[in-house]
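Trainee: In case it helps, TrEMBL gives these features for our protein:
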- 111-120: compositional bias 'Polar residues' (COMPBIAS)
- 137-154: compositional bias 'Polar residues' (COMPBIAS)
- 173-556: domain 'Major facilitator superfamily (MFS) profile' (DOMAIN)
- 100-161: region 'Disordered' (REGION)
- 170-186: transmembrane segment (TRANSMEM)
- 206-229: transmembrane segment (TRANSMEM)
- 236-254: transmembrane segment (TRANSMEM)
- 260-279: transmembrane segment (TRANSMEM)
- 299-316: transmembrane segment (TRANSMEM)
- 322-344: transmembrane segment (TRANSMEM)
- 380-405: transmembrane segment (TRANSMEM)
- 417-437: transmembrane segment (TRANSMEM)
- 444-463: transmembrane segment (TRANSMEM)
- 469-487: transmembrane segment (TRANSMEM)
- 499-521: transmembrane segment (TRANSMEM)
- 533-552: transmembrane segment (TRANSMEM)
Amino acid sequence: MAESTNRNLTLTSIDVTEEQVQNHTPTVVFDSPLLRLRAAERAMLRAPAYPLGELASALPYEYPAATLNDRKRKWADSSHIRPLGPLPSAEREEIQLSSIIRSQSREEHPGTTTAIQTTDDGSRADVAHVGDVEGGPSTQSPSAVPTEADSTAQPPAVSPAERALQKRKGLMHFSAICWAVFVVGWCDGTTGPMLPRLQAHYHIGFAVVSLVFVTSACGFFLGAMANVYLTDKFGFGKVLLIGAVLQAIAFIAISPAGPFPLLCCAFVLSGFGLSLLHAHANGFVAALNSPTKMGIMHGVYGSGALVAPLVSTQFAKSDTHWSFHYIITVGLYLSVIACSWLVFRGKRQEVILEESGEKGTDDEATNTNKYKQILSLKEVHFIAAFALIYVGVEVTMGGWSVTYILEERHGSSSSGYIASGFFGGLMLGRVSLMWLNKMLGNRLALFLYAVVAIGLEITVWLIPSLLENAIAVALVGLVMGPMYPILMLHSTTILPRWLLTGCVGYIASIGQAGSAMLPFLTGLLASKFGIASLQPFIVSMISTLIVIWAVIPRARYVPA
């Protein structure tokens with residue numbers, strides 16, 4: 001061992017015989033208080049399992065109280081220290097300081113220097129000079145050195161029975177969310193087949209019938225602004241109930257087929273409630289951090305949007321009882337109210353996640369500055385812009401495609417089933433293309449889906465074939481399906497964890513506002529240029545999605 005100058009003290013040795021190890025009394029010989037602690041840790045790792053207090057009392061020196069308390073806290077998650085390797089031989093050995101000890105020593109002693117020394121077997125080793133202490137070359141394996149991971153507190157053990165109960169509760173929570181999302185999809189899928197019937201019943205054109213989308217947009221914007229406040233005041237479970245109750249009231253008002261202004265007012269209420277439901281469903285599943293569950297949930301949304309046109313098309317054929325379809329919708333929302341109350345009991349999201357053994361996001365933001373923190377994140381606005389256009393394109397395709405086929409391709413009254421084909425493709429894509437997302441990566445996969453969707457829309461635009469258009473619309477739904485789950489999952493990686501629920505709620509609410517804005521713009525264009533303007537408008541919007549996706553950051557920026 002190289003000798004140091006200027007009062008450097010040299011660590012001599014640790015004597016650990018087999019008999020001493022069995023008696024839990026290793027003899028430690030050193031010349032520095034700094035190295036006493038490190039030697040004690042090494043002795044603890046090399047000795048058989050015994051309590052930390054017994055080891056401290058067995059050592060032949062006075063262990064400082066503050067240091068002992070710190071060591072007890074560090075090893076508190078384990079009542080005994082377990083050996084990480086074979087027991088040492090009875091021969092004497094030199095203590096070697098590991099790199100982690102040297103780094104900590106440098107922080108305590110700014111004058112630390114490190115030199116390279118060659119051992120007897122020809123290997124190289126570091127020699128640390130810590131102020132007045134010199135440590136020899138390290139021969140201890142890295143696995144035997146206490147690391148930060150060793151001192152990390154482990155979660156309390158959960159019995160198999162408790163874990164099974166948590167899984168059952170988690171399944172109930174997820175199932176309740178999926179049922180609410182199914183009904184949300186039902187509402188979005190209803191609009192398309194009903195538009196021609198609304199025009200015929202109220203004797204209005206494209207621009208006026210588009211007011212149902214405008215009033216829904218007003219409700220969505222109000223819901224987006226009120227979502228964070230309502231969540232902080234009432235919690236996840238109660239806000240979910242509020243959204244479902246507002247939806248039920250809205251469709252009760254629509255079902256008698258009253259005056260058109262009453263219909264528009266009801267859609268404001270519907271948009272507000274739908275915004276809350278959609279935002280909290282996405283926020284809850286995003287907190288689970290499960291790509292599979294996110295894909296399943298949005299697939300369930302697609303299934304609701306798939307079934308709704310099959311039913312609403314039958315009602316749309318009737319001249320007098322077409323509005324009875326909304327009575328079914330009222331019944332569905334009453335079931336959502338009952339299910340949400342029985343499962344969530346008005347509890348807050350963090351409590352619900354704890355019941356199912358999930359770790360929710362930490363919300364360190366206060367009520368007064370949460371809006372400011374969310375709105376100050378540029379990533380939130382990029383993602384919200386993407387969601388607004390995507391959801392708008394989705395609802396526009398499902399809504400106006402039926403009118404496009406009727407007007408441009410001279411389809412029959414059964415053309416409403418084309419909307420079912422689109423939403424069926426949407427559901428299938430969200431469930432069946434998860435393997436492709438994983439293989440290509442979410443970012444590249446979304447670019448690919450957008451390009452394919454543009455190509456398919458161009459065929460609908462240019463090829464005057466009813467069969468080809470119907471197939472192409474279904475395939476557009478297939479490739480557009482995975483886009484929204486990818487967006488929601490990506491938001492969990494680039495947004496702060498303590499603001500995640502509020503951010504996802506804001507994004508989802510703005511996205512739902514797009515489901516009203518873009519269909520309204522489509523109606524305005526159709527009133528001026530004809531419904532043939534639908535396809536170029538859709539192509540331009542999907543192209544805009546590509547640009548926005550390229551701007552959204554790949555990873556979270558952490559300021560230095």
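FYI, residue positions are counted from 1 along the chain as it appears here.
Each Cβ is built from the backbone N, Cα and C atoms, and glycine gets one as well.
Not measured: the values here are computed from a predicted model.
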Trainee: Against the transmembrane segment (299-316), which of these stretches has the most C-beta pairs under 8 Å: 322-344, 417-437, 444-463, 469-487?
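Mentor: Per the Cβ count, the answer is 417-437.
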Trainee: If we skip the immediate neighbours and take only residues 6+ beyond the ends of the transmembrane segment (533-552), which ones have a Cβ under 8 Å from one of its Cβ atoms?
Mentor: 379, 382-383, 385-386, 389-390, 392-393, 396-397, 400-401, 404, 443, 446-447, 450-451, 453-454, 457-458, 460-461, 483, 490, 494, 518, 521-522, 525-526
Trainee: Thinking of Cβ pairs under 8 Å, which stretch from 170-186, 380-405, 499-521 has the most of them with the transmembrane segment (469-487)?
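Mentor: Stretch with the highest Cβ contact count: 380-405.
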Trainee: So which of 206-229, 236-254, 322-344, 380-405, 499-521 has the most C-beta pairs under 8 Å when paired with the transmembrane segment (170-186)?
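Mentor: By Cβ pairs under 8 Å, 322-344 leads among 206-229, 236-254, 322-344, 380-405, 499-521.
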Trainee: Test the contact criterion for the transmembrane segment (206-229) and the transmembrane segment (380-405): 3 or more CB pairs under 8 Å, pairs 6 or more apart in sequence, then answer yes or no.
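Mentor: Contact between the transmembrane segment (206-229) and the transmembrane segment (380-405): absent.
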Trainee: Mean pLDDT, the domain 'Major facilitator superfamily (MFS) profile' (173-556)?
Mentor: 86
